[in-house]
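Undergrad: Relevant sequence annotations retrieved from TrEMBL are reproduced here:
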DOMAIN    1-47  domain 'Carnitine O-palmitoyltransferase N-terminal'
TRANSMEM  50-74  transmembrane segment
TRANSMEM  104-126  transmembrane segment
DOMAIN    174-743  domain 'Choline/carnitine acyltransferase'
ACT_SITE  469  active site, proton acceptor
C-alpha cells in the first residue's frame, strides 16, 4: 500500500474547530510535472499539425507573402487586380474600422488566401512529381536527363527538413491497374507451373472473367480508389490479418534477433534497461515526428502511428486494433508473474540504470504466480474465437479487466526469459535454431502475442522481439529494431562491470504486481492448440559467409535477384518441381501503401534452372535476373498482380457473385514464401571498427503446411543470413536440408558468372553424386 499512500496529494479531516487540510507537496509536485509533460506533448502535436498542414511551405512563409503584398501596395501597385478592393467592400466590420484599418484587414485576407492557394499548388506539383516512377526502371549508373531534372525539382519543393508525416498528403494514391494487364501478367506467372491443358483452361477462365464479371468489379474498384486513400490497405488489414480465426502465433507474428556474435552485457536486468530505454527514445522521435520519412525518395510513414501503445483485441468475426495516445509504463512478464513497470516519474523518463534497478526488483521478487497466471498468455496464442469468449466472460470487469488493461495499454510488452539463447556452446547451429523457435513462439504462454510487439530479454543478456503483423510490415519493425540495437550498444553503453550508466533514485516505487482470477480450463485448451502448432514448426537459421552482396554487385547483378534465383534452384533440387513463390515488396511510395507480391518463379528463371542438366548459361541467368528486377519494380510502382485480384475478389463477395477464376487464383498455395529484411540505417553501425556487431535479421513461420518460409538479410558486403522454416508434419520438407540446398545453389550461381568454379561447390557436387 506504500505506493497508494504516495499517490494521495492531500488529506482532510472535519473537526469541531473546522476542516484540517494537509497537503503533500511532494505528490502535488509530481502531479504538476506530469501535467507539464502532458501539455508539452499537446503543444508539440499542435505545432507539428500546423507544420504538416502547410507543407511544403512553412508557417513563416505567410509573413513573407503579407509583407510582399503590403510592399507592392505601398508602391501604388495592386497585385490583386482589384480583389483587395472587392474584399474591402464586403467586410462585415467596415463601419467600425478606419479606411486604413479596412485596407490592412483586406490585405491580410487576400494574402492568406493567396498563401493557401500557393500551398495547394505546391502540394499538387509535389504529388505529380512523386507519381513519377520511371527512374526505377533505368539501368544502374545510367540516369536520364528527365530523372535528373525530377530529382532537382523534388529537392527544391521539399527543401526544408520534413517531419515524419510531412509527405503524407503529397504522396500519390495507389493506382488501379488495367484489368487486362493484370490478367496477362497473371497468366505469364503461372505458365511455368501448369501443364499445357491446365494453362489452356486457366486462359479460358481468365478471358471469361475479363469479358463478363471482371469489368463490372473493376468499375467498383475504381470508384473506391477515387474515394479512399488506398484501395487495398484497409481490406488487406481486415481480411488477411484481423479476420483470421486461427492462432496468430507462428501463422502471422514474426520475430527479430539480436547481434550474431556480440552480447553487449551478460546481465539480464542491464540489457533490459538499455533496450527499454532505446525503444522509448525511438517512441519519443516518432511522437515528436523528428525522424525523416525517407532517404532520397519519400515513403509513407502511416505504419509508425500504431507502433507503440497498441494491442490487437479478439472478436467473434474480426479482431480490432486498439491504439492509445500515450502510455507511461510497460508490462513485464517473469516466471509466471505479470508486472506494471512505470518508466516515467514526474514527466521524466527514467534513466537506463533506474530501469535496470526496477527490472532487478522484478527478478528478485520471490512471490509465486497465482493459480493459472503463469500460462495466461496462452489465450493470445490459441484460436481467436475462444479467446474472445473468455475475454467477454472473465475479463470485462473487476480485477481481471484492470490487470488486462495494464497489459493492453502498455507501451509494449517485455518478457524476462529464464533461458539462455544465442549462438553459443558446443552446438552453435542447433542453438541458433532454438533461439529462432524461442522468439517465434517461446513456451506459447510467456509472450503476449496480441501486443504490437513484445521484447524478450534472456538470462544471458541476449534479446529479441516478436511482432504482431496486422498493424505494420517487417521493414517498419526492422527500422525500430535497428535503432534499438545501435542505441543500446553504441550510444547508451554499459559500465565496465556490465551495468547501465546513470544514477538511481532509490525512492522509486516498486513495480506493481498484477493480480488475476484465471479461468484455468479455457487457458489449458488454448495452450494445447498453441503447443501443437509450436511443436510442428521446424526452424533453421544460418549465416552464409562465403560471399555477399559485394561480390555479387561486382558481377553487375542485383543481389536480391541473385538470391531469389538461388532459392528457385534450391527448391527445384529439393522438391524436383517448381512452385508458386511469394516475395514481399513494399508499396510505400504510395499513401498508406503496405506490400505487393513479386511472383519470383518466372519463365526465364525456370528456363535457367532446367538448363543445368546440360550446362548453365550465363545469358539465361542474366535474362532471369533482369526479369526478376522488372517484376519487383512493377510491384513497387503499383502494377502488381495479387493485390488487384484480391480486391476484385472482395468486391465480388460484397456483390454476392461467384467467380470461378478468382476463387481458383486465391486458393493457390504459396509453397515458397520469401522476404528480405532490409538494412535501412547503415549510418548507425560502424562495420569497419565494429565488424562483430552484425544483426541476424528475423524470420517467420511457413505460410503453407507443405511449404517453406525463407527470410534473409544482406549484412555488409560479405554475409547473408537466412531463416528457414517448415513443418515437421509434412515429411517432404526439412529446413536443414533446404538450408544446405540454398548454400549449394548460391555457390553454383557464383560459378556460372565466374571463370573458375569454387572448391566448396565442386566438393558438394561430388558428395551429391
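Count begins at 1; order follows the chain as displayed.
Cβ atoms are placed via backbone N, Cα and C, with glycine included.
Heads up, TrEMBL stuff is auto-annotated, nobody curated it.
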Undergrad: Under an 8 Å Cβ to Cβ limit, what residues of the same chain, 6 or more beyond the ends of the transmembrane segment (104-126), are close to it?
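TA: Result: 54-57, 61-62, 65-66, 69-70, 73, 80, 83-85, 87-88, 91, 93, 97, 154, 157-158, 167, 169-170.
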Undergrad: Just how many other Cβ atoms lie inside 10 Å of the Cβ on residue 469 (active site, proton acceptor)?
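TA: Within a 10 Å radius of the Cβ of residue 469 (active site, proton acceptor) lie 20 other Cβ atoms.
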Undergrad: Mean pLDDT, the domain 'Choline/carnitine acyltransferase' (174-743)?
TA: 94
